[in-house]
Amino acid sequence: MSSKEVGEIDDKSSGQDHKVDVSDAGDAESQGVHVNLGQSGQNLKLDTTGLPLIPQPSDDPSDPLNFPQWLKVAILLQVSFLALLGPLNQATVNPAFVPLAAHFHISTVEASYQTTIAIAFAGIGSFIWVPLANTYGRRPLLLFTTLIAAASSLGSGKANTWSQLIATRVLNGLGTSSFFTLGAGMVSDTFFLHERGRAMGIFTVFLTNSAHVAPIPGGFLGQFVSYRWCYYLPAILDMTMFGVMFFCLPETLYLRGSTPVVTDKPILRRMKLWGLRPKGKHLKLSDFFQQFIMFKYPTVLLTALYYSVTFTLSSILPAVTSATLFRRLYKFNASQTGLALGIGTLIGSTLGELLGGIVVDRSMYLSRKGKKDGVIVPEVRVHGIWAGAVIQPIGLLIWGFCIQYKTPYIGPTMGFSIMCFAIQIISTVVYSYNADCYRPQTPEIAQVLNFGRQTVGMTTGFWAIPLGDKIGFHWMAVTMSLVGIITLLPVIFFMSHGKTVRDRLGVPKYNRSL
């Protein structure tokens, strides 16, 4: 088919026939966003606005891109709720550091270490799970790791010594690590480019809000029942989610270009736990090492660095310091701390998502529609980060100065609400931009983001309160705001030069058929 040939496409979503210049997809290919055009002579499929669908779906009904919209939404909600359970496993106990510390005869700062340990191993575990999931499927790995998360949370609640608790928290971090990475991969498997920003936004709002929702039940359980129930509750939710996914979550791993399997029940077939491994796909030792290749791509590594720093300052910092600071300044008990932290951050993140996902998808649509060739430039999404980038340090400064000068509790609460508003926008932009640049490697990109977020975040419990006590929380906020601004500079550079940077390195050669 020549670049000027025009084909008629039956757009099933609109019921109309459309025509499209095939050169549009070629232009998209040159931008680093790869489009599978299928065999020569096949027509491009369009969305309802007349633009080519990216990526092009196959004619196989088992292709996740061909799933009905209700099933795509069901998959999105399941993996999003699973992403919420990850930080929930780690953070529900945060408001209950006081009774936890009393039981083990340690300080509240030391009590926070069991959270940071879980966070650290949640950043490491995904390097084990992603290669396995890319070979044997997302579904069986998510079910298996959900069982690990449930068992380790139950074990944490039963722990009678500090060493037992730390050991179970290590296992919990390893189990929950898949929730962040494989979930993002499933979103990318099932949604087209023009839908991906909003879908990723929903995924990240669950992920971000988890640490904010967790303190609400955690505070009441820690005060009125027992800190042990701060571990039992996540275990119950993990097992509930296991049951839902077992019956409702289909496999989304799909090898593009593979021979379609003839079946009259394609979705039911994708509910199997085994037998869906792509033909010719075998697990190799090199699979565990090639995933680190994504660290060499500057657009991935440097946006991940900015995201990790701002997420730590906006979400993890309030989570691990509020129990100590609110008790010291306002004499709050566990339930009061949980409500202040949970409601404030939840409101901020929810409002941020209402803006973030819609803006990045709309900006991408307007950019493509405004050009005759419909060229896809992922850097268009990066411009949506400005609102979050400006607001985030403002919220951090409000938080730090209010803590230092002992304002009423509404002051620091307002500060971390603003930070969470900002980080939701930042998260949506970073996830969507990188998924657009390297869609087949979305799980590996999520690994980089998860590793950075968890590695930087796990240090917070060790330095936040000691540093604030030493130099003042206002100067700590100023210092951390400057760190955030410095890590923002490469992101600003990518707005205008990101494509040039990507073109120099090319695209990863592995998993390109996914």
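Just so it is clear, glycine is given a Cβ too, placed from its N, Cα and C backbone atoms.
The compositional bias 'Basic and acidic residues' annotation in TrEMBL covers 1-22.
TrEMBL lists 75-499 with the feature domain 'Major facilitator superfamily (MFS) profile'.
The annotation region 'Disordered' is assigned in TrEMBL to 1-43.
Feature annotation from TrEMBL assigns transmembrane segment to 70-91 (among others). With a threshold of 8 Å between CB atoms, the same-chain residues lying at least 6 positions outside the transmembrane segment (70-91) that come near it are 64, 115, 118-119, 122, 142, 146, 149, 153, 172-173, 176-177, 179-180, 182-184, 186-187, 190-191, 199, 202-203, 205-207, 209-211, 213-215, 218, 234, 237-238, 241, 244-245, 248-250, 252, 267, 319.
Only residues 6 or more beyond the boundaries of the transmembrane segment (111-129), in the same chain, are considered here, and those with a CB under 8 A from a CB of the stretch are 86, 89-91, 93-94, 97-98, 100-101, 104, 141, 145, 165-166, 169-178, 180-182, 288, 291-292, 316, 319-320, 323-324, 446-447, 450-455, 457-462. As annotated by TrEMBL, transmembrane segment applies to 111-129 (among others).
Here TrEMBL flags 171-193 (among others) as transmembrane segment. Sequence-distant contacts of the transmembrane segment (171-193) (same chain, six or more residues past either end, CB-CB distance under 8 Å): 33, 47, 53-55, 64-65, 67, 72, 75-76, 79-80, 82-83, 85-86, 89-90, 117-126, 128-130, 133, 138, 141-142, 145-149, 151-153, 155-156, 199-200, 203, 207, 252-254, 364, 376, 431, 435-436, 439, 442-443, 445-447, 449-450, 454, 514.
Marked as transmembrane segment by TrEMBL: 229-247 (among others).
Per TrEMBL, transmembrane segment is recorded for 304-326 (among others). Cβ atoms under 8 Å from those of the transmembrane segment (304-326) belong to residues 91, 94-98, 108-109, 112, 115-116, 119, 208, 211-212, 215, 332, 334, 336-337, 340-341, 345, 388, 392, 395-396, 399, 403, 409, 412, 416, 419-420, 422-423, 426-427, 430, 434, 448-449, 452-453, 455-457, 459-461, 464-465, 468, 480, 483-484, 487-488, 490-491 of the same chain, restricted to positions at least 6 beyond its ends.
For 338-360 (among others), the entry in TrEMBL reads transmembrane segment.
Per TrEMBL, transmembrane segment is recorded for 380-402 (among others). Residues 197, 310, 313-314, 318, 352, 355-356, 359-360, 363-364, 367, 411-412, 414-426, 428-430, 432-433, 436, 468, 473-478, 480-481, 484-485, 488, 491, 494-495, 498 of the same chain sit 6 or more residues outside the transmembrane segment (380-402) yet have a Cβ under 8 Å from a Cβ within it.
The annotation transmembrane segment is assigned in TrEMBL to 414-433 (among others). Listed by sequence, the residues of this chain that lie at least six past the ends of the transmembrane segment (414-433) yet keep a Cβ under 8 A from its Cβ atoms are 184, 196-197, 200-201, 203-205, 207-208, 212, 299, 303-304, 306-307, 310-311, 313-315, 317-318, 341, 344-353, 355-357, 359-360, 378-379, 381-382, 384-385, 387-392, 394-400, 402, 446, 449.
Positions annotated as transmembrane segment by TrEMBL: 473-495 (among others).
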